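One structure is given below, encoded as structure tokens.
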Amino acid sequence: MSLLTEVETPIRNEWGCRCNDSSDPLVVAASIIGILHLILWILDRLFFKCIYRFFKHGLKRGPSTEGVPESMREEYRNEQQSAVDADDGHFVSIELE
């Protein structure tokens with residue numbers, strides 16, 4: 001019996017090595033799941049920057065404005081713009097001698 005390959009059983013019980021029975025539905029399902037897992041893992045490693053950038057930044061598109069009146073939307077835009085404009089004067093100019 002080899003410990004590193006597959007489990008072998010005595011031939012006299014007519015079990016043999018059951019790893020070669022590829023017609024078993026469980027073996028077929030496990031093979032398909034294994035192949036799909038390998039493909040998804042390879043795609044994840046190849047495109048992980050694109051995938052995780054999409055989930056990190058792509059789904060954050062600001063607060064929902066559904067059901068909010070247009071006047072309140074305009075007020076919110078003005079507040080956001082005034083906050084951006086106020087930050088423009090906070091830059092420090094450093095001159096080296």
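Every residue gets a Cβ built from N, Cα and C, even glycine.
Swiss-Prot lists 1-22 with the feature topological domain 'Virion surface'.
Positions annotated as transmembrane segment by Swiss-Prot: 23-43.
Taken from Swiss-Prot, the feature site 'Seems to be involved in pH gating' covers Trp41, and the record attributes it to sequence analysis. Counting only same-chain residues six or more apart in sequence, none has a Cβ lying under 8 angstroms from the Cβ of Trp41 (site 'Seems to be involved in pH gating').
Sequence annotations record features per position, and here Swiss-Prot assigns topological domain 'Intravirion' to 44-97.
Per Swiss-Prot, region 'Disordered' is recorded for 59-88.
Per Swiss-Prot, the feature phosphoserine maps to Ser64 (among others); the stated evidence is sequence analysis.
Its Cβ placed at the centre, Ser82 (phosphoserine) has 10 other Cβ atoms within 10 Å. Residues annotated as phosphoserine in Swiss-Prot, with sequence analysis given as evidence: Ser82 (among others).
For Ser93 (among others), the entry in Swiss-Prot reads phosphoserine.
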